[in-house]
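This report refers to the structure that appears directly beneath it.
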Amino acid sequence: MSVTPLLETGVLRRQDPQMAEILQGELERQSTTLQLIAAENFTSPAVLTTLGSALANKYAEGYPGARHHGGCELVDVAERLAVERAKALFGAAHANVQSHSGSSAVLAAYAALLRPGDTVLALGLPHGGHLTHGSPANFSGRWFDFVGYGVDAETGLIDHDQVRHLARNHRPKAIVCGSIAYPRHLDYAFFREVADEVGAYLIADAAHPIGLVAGGAAPSPVPYADVVCATTHKVLRGPRGGMILCGSELAERVDRAVFPFTQGGAQMHTIAAKAVAFGEAATPAFGVYAHQVVANARVLARHLAAEGLAVTTGGTDTHLITADPAPLGVDGRTARGRLAAAGIVLDCCVLPHGEGRGLRLGTAAVTTQGMGEPEMVKIAALLASVLRGETEPAGAREEVRELTGRFPPYPG
Ligand SMILES: *Cc1c(COP(=O)(O)O)cnc(C)c1O
């Protein structure tokens with residue numbers, strides 16, 4: 001297998017062979033198994049290089065031009081570049097690129113707009129809401145009064161009538177739209193209309209689709225939401241991290257909610273890597289990529305359905321698919337284990353109205369590797385064959401090795 005120059009330095013291997021072995025092993029795992037986890041992707045060598053740069057050493061509390069540390073001349077330029085690129089990419093008046101993660105971005109959005117005890121309307125967790133949308137195990141569920149809307153049992157689509165009804169009854173201070181498992185586009189204009197009707201803020205948690213938005217393959221929440229929270233590491237293909245977009249009226253409140261309210265020093269290597277990723281996402285090639293991600297997901301969903309899996313909402317508009325494998329005689333958890341043994345790596349997810357657990361998968365990473373529709377057809381067939389017990393996991397593992405061998409994520 002070819003080794004990316006990133007790991008060829010030899011420095012780590014000489015000093016700490018134990019850890020070098022782990023890094024090399026993980027690169028091999030990612031390169032020889034199928035990464036179908038909907039939230040994952042392969043960042044570019046340019047992004048990885050930036051993450052491993054000297055910017056990792058720099059303390060930079062505050063914002064460009066107003067830092068609490070000396071020596072910030074160059075990291076200030078890096079952060080300004082990230083902010084300008086994010087604003088241009090998404091057509092936003094303001095961007096904060098310091099959030100350490102998607103969850104930190106949501107925390108800051110709540111801190112900017114809400115007080116503890118406020119009522120918030122969000123997609124319920126059993127229906128695809130994120131932990132930060134009111135889980136009792138998370139600050140959100142502890143500090144706010146969450147009311148959950150859901151998806152329709154028949155169609156799997158968000159129940160707009162219920163959203164409107166709950167908004168009128170509970171008069172939330174904010175409405176959150178966004179999900180970890182919803183495969184369709186959200187109707188942001190609808191959510192804006194309901195928020196306006198009841199005098200609520202609209203927070204779009206676009207952690208998953210923001211990369212598709214960047215590539216013009218999904219509608220943008222930016223013109224509709226008061227605050228847009230996102231991650232930079234999912235379809236967007238940047239470093240692990242978060243981001244917040246908003247209008248100029250809320251800019252100061254959002255910035256103060258990130259630093260100093262919820263975070264300390266900014267991670268300048270990650271912020272610089274975000275800038276690199278935004279630069280990549282602004283190219284025509286990324287638009288082609290984003291549309292191919294969706295085309296691949298549609299083909300994969302269609303073929304999984306043809307193989308007998310119950311695909312939620314009957315398909316997808318995005319990179320993401322959820323499906324119940326029960327018609328093939330396995331529940332989600334068993335399916336995930338059997339597929340992992342075959343080198344097909346994906347997640348389980350809750351099924352809003354079903355019994356057991358389903359499967360959640362996405363096409364962002366395999367599309368970055370260069371796989372297209374013929375490969376999606378092959379993956380669907382292999383996956384179903386493993387679940388039906390027609391192909392032994394060990395045999396499927398060899399087929400996966402052959403397939404991924406033709407599409408190395410980091411060609412040497
Ligand atoms: C992924 C995700 C997050 C959290 O991102 P982390 O970087 O893991 O904290 C938040 N909200 C939604 C909807 C997500 O999909």
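Glycine residues also receive a Cβ, built from the backbone N, Cα and C atoms like all the rest.
Whatever TrEMBL says is automated annotation, not expert-curated.
Under a cutoff of 8 A between CB atoms, and with a sequence separation of 6+ in the same chain, the neighbours of GLY129 ((6S)-5,6,7,8-tetrahydrofolate binding site) are ALA122, LEU123, SER135, GLY148, VAL176, SER179, ILE180. According to DSSP, GLY129 ((6S)-5,6,7,8-tetrahydrofolate binding site) is assigned to coil rather than to any helix or strand. What TrEMBL lists as (6S)-5,6,7,8-tetrahydrofolate binding site is LEU125, GLY129, HIS130, LEU131, GLU249.
Among the features that TrEMBL reports, compositional bias 'Basic and acidic residues' is placed at 391-404.
Regional average pLDDT for the domain 'Serine hydroxymethyltransferase-like' (13-382) in the model is 97. Residues or ranges marked as domain 'Serine hydroxymethyltransferase-like' in TrEMBL: 13-382.
Neighbour count (other Cβ atoms within 10 Å of the Cβ, all protein chains): 27 for LYS234 (N6-(pyridoxal phosphate)lysine). TrEMBL lists LYS234 with the feature N6-(pyridoxal phosphate)lysine.
The annotation region 'Disordered' is assigned in TrEMBL to 391-412.
DSSP assigns HIS233 (site 'Plays an important role in substrate specificity') to coil in the three-state reduction, outside any helix or strand. HIS233 (site 'Plays an important role in substrate specificity'): 26 other CB atoms within 10 A of its CB, across all protein chains. The annotation site 'Plays an important role in substrate specificity' is assigned in TrEMBL to HIS233.
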Count the Cβ atoms, other than its own, that fall within 10 Å of the Cβ of HIS130 ((6S)-5,6,7,8-tetrahydrofolate binding site), considering every protein chain shown.
24
Euclidean distance between Cα atoms of LYS234 (N6-(pyridoxal phosphate)lysine) and LEU131 ((6S)-5,6,7,8-tetrahydrofolate binding site), Å:
17
Among LEU125, GLY129, HIS130, LEU131, HIS233, GLU249, the recorded positions in the record, which have a C-beta under 6 A from ligand 1?
HIS130
Number of helical, extended and coil residues in the region 'Disordered' (391-412), per DSSP:
13 helix, 0 strand, 9 coil
Residues satisfying Cβ distance under 8 Å from GLU249 ((6S)-5,6,7,8-tetrahydrofolate binding site), sequence separation of at least 6:
none
Indicate the candidate from LEU125, LEU131 with the smallest number of other Cβ atoms within 10 Å of its Cβ, considering only these binding-site residues.
LEU131
